[in-house]
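As given in Swiss-Prot:
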- C47-C279: disulfide bond (DISULFID)
- C60-C72: disulfide bond (DISULFID)
- C95-C140: disulfide bond (DISULFID)
- C283-C307: disulfide bond (DISULFID)
- C479-C483: disulfide bond (DISULFID)
- N15: N-linked glycosylation site (CARBOHYD)
- N16: N-linked glycosylation site (CARBOHYD)
- N28: N-linked glycosylation site (CARBOHYD)
- N170: N-linked glycosylation site (CARBOHYD)
- N291: N-linked glycosylation site (CARBOHYD)
- N489: N-linked glycosylation site (CARBOHYD)
- C546: S-palmitoyl cysteine (LIPID)
- C553: S-palmitoyl cysteine (LIPID)
- C556: S-palmitoyl cysteine (LIPID)
- 1-520: topological domain 'Extracellular' (TOPO_DOM)
- 542-556: topological domain 'Cytoplasmic' (TOPO_DOM)
- 521-541: transmembrane segment (TRANSMEM)
Amino acid sequence: SLVKSDQICIGYHANNSTEQVDTIMEKNVTVTHAQDILEKTHNGKLCDLDGVKPLILRDCSVAGWLLGNPMCDEFINVPEWSYIVEKASPVNDLCYPGDFNDYEELKHLLSRINHFEKIQIIPKSSWSNHEASSGVSSACPYLGKPSFFRNVVWLIKKNSAYPTIKRSYNNTNQEDLLVLWGIHHPNDAAEQTKLYQNPTTYISVGTSTLNQRLVPKIATRSKVNGQSGRMEFFWTILKPNDAINFESNGNFIAPEYAYKIVKKGDSAIMKSELEYGNCNTKCQTPMGAINSSMPFHNIHPLTIGECPKYVKSNRLVLATGLRNTPQRERRRKKRGLFGAIAGFIEGGWQGMVDGWYGYHHSNEQGSGYAADKESTQKAINGVTNKVNSIIDKMNTQFEAVGREFNNLERRIENLNKKMEDGFLDVWTYNAELLVLMENERTLDFHDSNVKNLYDKVRLQLRDNAKELGNGCFEFYHKCDNECMESVKNGTYDYPQYSEEARLNREEISGVKLESMGTYQILSIYSTVASSLALAIMVAGLSLWMCSNGSLQCRIC
């Protein structure tokens with residue numbers, strides 16, 4: 001009689017993880033390990049970007065800051081900034097009502113500037129033939145008194161005269177210069193002559209690239225900030241060695257200060273109501289800072305810095321481990337003991353904690369689990385490289401900042417919004433499809449690795465062991481721990497055990513043949529006995545029918 005056979009089984013790791021992923025074919029597949037690649041959290045603060053503070057304008061607008069609204073004095077001189085923060089509806093904008101020409105274009109320009117240096121180009125004291133201090137308004141109060149924008153000068157007539165102005169400034173700096181000026185549009189003709197003496201006036205501005213002539217538009221208007229008049233402001237970039245020339249006989253708002261663009265770089269004007277959080281980040285959104293190495297986020301579509309890509313998804317999880325189907329109980333099943341990971345295994349091993357794939361053996365010396373370190377390490381390297389590759393490919397650094405349009409460009413704004421929404425939809429679809437496909441490939445990859453490990457053992461053992469169909473092999477010979485180890489490390493000596501295996505196979509086959517012979521003898525005896533009994537019954541019935549006349553019997 002044979003003793004209980006030694007066995008070796010191929011299996012895979014399982015744990016208590018409840019992480020779930022989606023694949024092309026399935027949803028909510030529980031896996032042993034997974035990695036979230038969608039950032040969903042932020043700190044709710046405005047932070048320094050790579051150590052450089054933002055310029056947070058608080059209650060001031062960009063126009064209020066650049067022109068010098070008296071309520072924005074804290075921004076008269078500002079250090080280098082990483083990005084600019086402006087509220088959606090800042091209180092301190094153009095205190096004197098009017099318009100800022102090409103304002104949106106100026107903001108776009110600021111998205112490529114990190115530092116201004118304010119310099120005086122035409123001193124206020126140089127206007128000896130005009131009144132340079134009387135140009136103030138109650139619309140721009142400071143300390144309870146009428147005031148005006150700090151960086152421009154509202155020139156008024158002096159001694160009932162407004163001589164024609166001819167003034168030039170040559171940019172001798174090495175940097176570009178942002179120059180601002182304006183025109184006043186009075187409420188009526190009386191205000192025109194009261195302020196400028198001349199009833200018909202103009203302003204001419206010229207550079208190597210600019211040729212502008214402005215005339216005031218006198219009209220009756222509703223009061224804003226107590227004013228019926230309006231002011232319109234303009235700007236230009238004056239290149240090094242270029243000159244700007246002004247000529248006017250009235251209504252001129254002259255530049256006193258200009259901004260030297262001393263540092264260009266990636267910046268942005270971000271609309272946000274948040275406060276400064278005394279923190280540092282690599283990625284800022286209007287909702288708060290993101291500190292993450294993930295390739296995607298769903299916090300806000302507008303960002304500045306080294307940011308993940310925005311997608312509309314709520315969940316993006318990459319499978320890194322295996323299907324997690326722990327073996328619940330050890331019982332015989334038609335398809336074996338373990339799990340369907342390789343088509344024939346029905347459950348993972350929680351007892352194997354030091355690897356993804358491995359072995360369980362049992363012999364007279366005992367039983368135990370052992371991970372296959374080589375295949376596990378190769379799999380870990382492969383999955384890690386794949387995840388890192390996905391992150392690297394998707395984590396291209398870029399900015400998505402809001403674009404502003406004036407009232408005449410609403411159709412362009414709507415078209416731009418539709419295009420951006422379309423791009424976001426495409427990115428979201430691509431990200432979700434990428435995750436589904438990679439998860440399918442990862443789980444198939446693990447399946448393949450388990451199958452390869454099984455084939456490695458099968459090819460070594462050949463007919464020295466029997467495949468049980470559940471990931472296990474039953475040896476036809478004694479296999480001690482040294483023998484088991486040789487199977488695991490691929491050095492199993494088939495010839496050494498082949499004779500013992502052959503004898504045991506033959507003994508098992510003999511028992512089967514003997515059982516089959518006995519079965520056949522019993523079958524033949526049973527068939528003959530049944531046939532004889534049937535013949536006797538037929539003969540008896542015939543004799544009885546002949547004796548009572550029911551059947552005529554003739555013997556020839």
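Keep in mind that glycine also has a Cβ here, set from the backbone N, Cα and C atoms.
Positions of the features from Swiss-Prot, shown on the structure.
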residue: N15; record: N-linked glycosylation site; DSSP (3 states): coil
residue: C47; record: disulfide bond; DSSP (3 states): strand
residue: C60; record: disulfide bond; DSSP (3 states): strand
residue: C72; record: disulfide bond; DSSP (3 states): helix
residue: C95; record: disulfide bond; DSSP (3 states): coil
residue: C140; record: disulfide bond; DSSP (3 states): strand
residue: C283; record: disulfide bond; DSSP (3 states): strand
residue: C479; record: disulfide bond; DSSP (3 states): coil
residue: N489; record: N-linked glycosylation site; DSSP (3 states): helix
Cα-Cα distance linking C72 (disulfide bond) and N291 (N-linked glycosylation site), given in Å to the nearest integer: 32
Closest of the recorded positions to N16 (N-linked glycosylation site), Cα to Cα, picking from C95, C140, N170, C283, N489? N489
Reduce the DSSP letter at N170 (N-linked glycosylation site) to three states and note it down. strand
Taking Cα atoms as reference points, rank the disulfide-bonded residues C140, C279, C307 by distance from C479 (disulfide bond) and give the first. C307
Can you check how the pLDDT averages out over the topological domain 'Cytoplasmic' (542-556)? 54
Candidates N28, C47, C60, C72, C95, namely the recorded positions, that fall within 10 Å of C283 (disulfide bond) by Cα distance: C47
Near C47 (disulfide bond), which of the recorded positions N28, C95, C140, N170, C307 can be found within 10 Å, Cα to Cα? none
Quick one: Cα separation, N15 (N-linked glycosylation site) versus N489 (N-linked glycosylation site), in Å? 25
Whole-number Å only: compute the distance from the Cα of C279 (disulfide bond) to the Cα of C307 (disulfide bond). 17
What is the one among the glycosylation sites N15, N170, N291 whose Cβ has the most other Cβ atoms less than or equal to 10 Å away? N15
Pairwise Cα distance for C72 (disulfide bond)/N489 (N-linked glycosylation site) [Å, integer]: 76
Measure the Cβ-based neighbour count of C479 (disulfide bond), defined as the other Cβ atoms within 10 Å of its Cβ. 28
